[in-house]
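Before I ask anything, let me first share the structure, which is written out below as structure tokens.
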Amino acid sequence: MASPAPEAGAVYPANGGLTDPLLATVNGHGAANKKADHAAKGKYWVASDKAERRAAKESGGEDGGALLFRRYKVKGALLQPYRLLIIVRLIAVLLFFAWRIGHNKSDIMWFWTMSIVGDVWFGFSWLLNQLPKFNPIKTVPDLAALKRHFDLPDGTSRLPGIDVFVTTADPIDEPILYTMNCVLSILAVDYPVDRLACYLSDDSGALVLYEALVEVGKFAPLWVPFCRKYGIEPRAPESYFDMVAPPQAGRASQEFLNDYRRVQMEYDEFKVRLEKLPDTIRKRSDMYNSMTTVEGDAKATWMANGTQWPGTWIDPTETHRKGHHDPIAKVVLDHPNCGHSQPNAERNSSIGATDERLPMLVYVSREKNPGYDHNKKAGALNAQLRASALLTNAQLIINFDCDHYINNSQALRSAVCFMLDQRDGDNTAFVQFPQRFDNVDPTDRYGNHNRVFFDGTMLALNGLQGPSYLGTGCMFRRLALYGIDPPHCRAENVTAEASKFGNSTLFLDSVSKALKQERSTAPPPLDDTFLAELERVVTCSFDKGTDWGKGTGYIYDIATEDIVTGFRIHGQGWRSMYCTMEHDAFCGIAPINLTERLHQIVRWSGGSLEMFFSHNNPFIGGRRIQPLQRVSYLNMTIYPVTSIFILIYSLSPVMWLIPDEVYIQRPFTRYVVYLLVIIVMIHMIGWLEIKWAGVTWLDYWRNEQFFMIGSTSAYPAAVLHMAVNLLTKKGIHFRVTSKQTTADNNDKFADLYDFRWVPMLIPTMAVLICNVGAIGVALGKTAVYIGTWTAAKKMHAALGLLFNIWIMFLLYPFALAVMGRWAKRPIILVVLLPVLFLLVALMYVGVHILLSGVTPF
């Protein structure tokens, strides 16, 4: 994190770059570039584009080549053993299956058959997961090259326009302060202000969110120049003031100290105004209603300018409630070339930065009507896509969830590097960033960081056609979202057809301009005719009879619009890129409560299964998808099915309760040894994988643990949803994950210890109880039969007990969750479990004595 007290004399250059940025590549070649190169390579990476760069220099220097990112591959000393071990394990798995089928001896043949089916599925799903990882590639933006090519000496820029989409569904579940910090970080990002616009989509239609944006318009003229002048990171004020210690006198210039205190004071007042907004709106509305309404009239909600709010009212009526209101599109901050209307300008006067202008800021709330399917987040994004086309029509688009913020001011420039690179930039549809979170508990109990996926799987897909779209922090090319083919396979004379895009003349004209990559320097005049058309393109009926949600825009009818939208774009022949930065580009808020986390997993996995049973099935969809890319999408859509077999295996320890020995496979010892060898090989591959991915053992272990918890709760719930959906066409309702946390000013992780019981946790609890009981009964049996068991039986018991103990280790985070606030002292669980094992063992011995009358001692 950057210090809040930069060196004396730091200024904000006219070109919009920082004088001492966190990404050293901004300042040219020299030592800074070498340092960045070393950081990108790491211990296990080596540059793989040396020949391309050499050719660029030979043809007139790199400046003539416009190579805007650097490509790295895993060193052969690590990659070749990694590939070899994958092949060896595949052979071992095939030999294991052959041995099991050749020795089909079991005490319960139906269970043996089920285990064979499960093992085949495990092997198949592992292969789907592993095959696309044969060629991991790391791509790192070269910001120095971007600056040389696109930032002009006069302070202007040739960079393309960017429209930033922020989506929010509810000001309660998604707190307003988070959303406004997201917007403020966007307004303050390091990008030419005349080529940047921010659109907030409010699906609740709440006046409080619009007026919160107005408050942002008052505070931003102070915050944004402060960030530019001193190179502040991160550029979300809540995170900046929370993470960075206040500067001390003597360590910073007096000018910085004065500005810092002033901005912090204004931010505190800004937060107070946000907190008071609901009460302010209610009092204002009561006053207007008392003056204008007559008995029997509805109580309207009034804006500050004395007009009725067209969206949701405080006291809802039929046409002014959540899910039923008019379309709304309001420009909060004009395009900088048009000039801003800045209330309280005297109080928020200049902080002294070179460029004090602000990007355009727009509020959008699409029409809601109970008679229409509004298609959740995908519908909101498509409404933003159309509204932005009329206002700014930027060539590039990036979308954020409202609980994320820009953590690195160079992030947008970094993504642009891939879009403008001469090698394959024109054919790059989107650039995906990893997701990072700053509210996760230090031990990441529920695997929120998910680094095995973000830093492993995504880097591997970067070596194929590219990573999948992950819902937030992804920059798109507008044409790719419109369903236009990439240049290398695009037909000539592509036209904007009303049957595909809708019958708005202004919108069709914007599509034609986008095809020609035209963008006006300022939006059109906001007269009544234009504003009426702007509201028309965000009506709920505009999609009807068009290609929106099918081949145009974000895809409908699937809970996870991100993965299927990315699949559709890849299927047209576009590629994507994965952008890794030493200093995280974006940060957000993750649900650290187990129940909310699992609800999130149900939505993701349920949406994946829906995609498999749709026309976007990876087997048949996507005519131009590369074979291994198709394999990766297949893995992303069917992985929840694996949980069925994991759940069955996890409940199998009930066989400890059977008096006689029961073996799933004979000879049992050899079976377990083979099984252990195969499992150990998985973790050997994982060990090599986390080496090149830069993942820690704790991240890897948390991934294993949470997959086990999800496989006994969320994933089976998603499979159930899909089965119900296929049989009745009525699936489970997927709700928005709540970002509200337990109010506890003394413990920022208080929500971690709040255990909320839901039905999907019943199987996980059953598995936990089953294995606790199995270990206890095993100890009791040992006490009863130790004198009569042969050496082989003792070995069998020890191997079976090893399986139970392994499951207990995997379910450890769930056991902590059940303990609630007692889990703040995990040592309690370490003591409690052996006590439970002993109690069950004593109960078993007692029952044995009672039934047989024989003391085992």
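Keep in mind that glycine also has a Cβ here, set from the backbone N, Cα and C atoms.
A quick note: this is a predicted structure, and the numbers were derived from the prediction, not measured.
As annotated in TrEMBL:
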- Asp203: active site (ACT_SITE)
- Asp562: active site (ACT_SITE)
- Glu174, Asp203, Lys376: UDP-alpha-D-glucose binding site (BINDING)
- Lys377, Asp401: Mn(2+) binding site (BINDING)
- 82-101: transmembrane segment (TRANSMEM)
- 108-128: transmembrane segment (TRANSMEM)
- 638-659: transmembrane segment (TRANSMEM)
- 671-694: transmembrane segment (TRANSMEM)
- 706-727: transmembrane segment (TRANSMEM)
- 757-779: transmembrane segment (TRANSMEM)
- 799-820: transmembrane segment (TRANSMEM)
- 827-851: transmembrane segment (TRANSMEM)
Specify the nearest of the recorded positions Asp203, Asp401, Asp562 to Lys376 (UDP-alpha-D-glucose binding site), where nearness means the distance between Cα atoms.
Asp203
Do at least three C-beta pairs under 8 angstroms join the transmembrane segment (82-101) to the transmembrane segment (671-694), pairs 6 or more apart in sequence?
yes
For the transmembrane segment (706-727), find every same-chain residue at least 6 residues outside the stretch whose CB is under 8 Å from a CB in it, and list them.
446-447, 594, 598-599, 601-602, 605-606, 608-610, 613, 639-644, 646-647, 650, 760-761, 763-764, 767, 807, 810-811, 813-814
When the Cα of Asp203 (active site) is compared with the Cα of each of the recorded positions Glu174, Lys377, Asp562, which one is closest?
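It is Lys377, whose Cα lies nearest.
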What is the total of other Cβ atoms whose distance to the Cβ of Lys376 (UDP-alpha-D-glucose binding site) is within 10 Å?
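Here the count is 20.
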By a Cβ-Cβ criterion of under 8 Å, what residues six or more beyond either terminus of the transmembrane segment (638-659) are in contact with it?
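Distal contacts: 111, 114-115, 117-118, 121-122, 125, 128-129, 605-606, 608-609, 612, 708, 710-712, 715-716, 718-719, 763, 766-767, 770-771, 773-774, 777-778, 781, 800, 803-804, 807.
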Would you mind listing the long-range same-chain contacts of the transmembrane segment (108-128), meaning Cβ under 8 Å and 6+ residues beyond its ends?
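90, 93, 96-97, 100-101, 631-632, 634-635, 638-639, 641-642, 645, 648-649, 652, 662, 664-665, 682.
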Sorry to bug you, but what's the C-alpha spacing from Glu174 (UDP-alpha-D-glucose binding site) to Asp401 (Mn(2+) binding site), rounded to the closest Å?
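Between the alpha carbons of Asp401 (Mn(2+) binding site) and Glu174 (UDP-alpha-D-glucose binding site) there are 10 Å.
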Quick one: Cα separation, Asp562 (active site) versus Lys377 (Mn(2+) binding site), in Å?
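Cα of Asp562 (active site) to Cα of Lys377 (Mn(2+) binding site) measures 10 Å after rounding.
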Using the alpha carbons only, what distance in Å do you get between Lys377 (Mn(2+) binding site) and Glu174 (UDP-alpha-D-glucose binding site) once rounded?
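Checking the Cα atoms of Lys377 (Mn(2+) binding site) and Glu174 (UDP-alpha-D-glucose binding site) gives a distance of 14 Å.
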Test of understanding: give the count of other CB atoms lying within 10 angstroms of the CB of Asp562 (active site).
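Other Cβ atoms found within 10 Å: 23.
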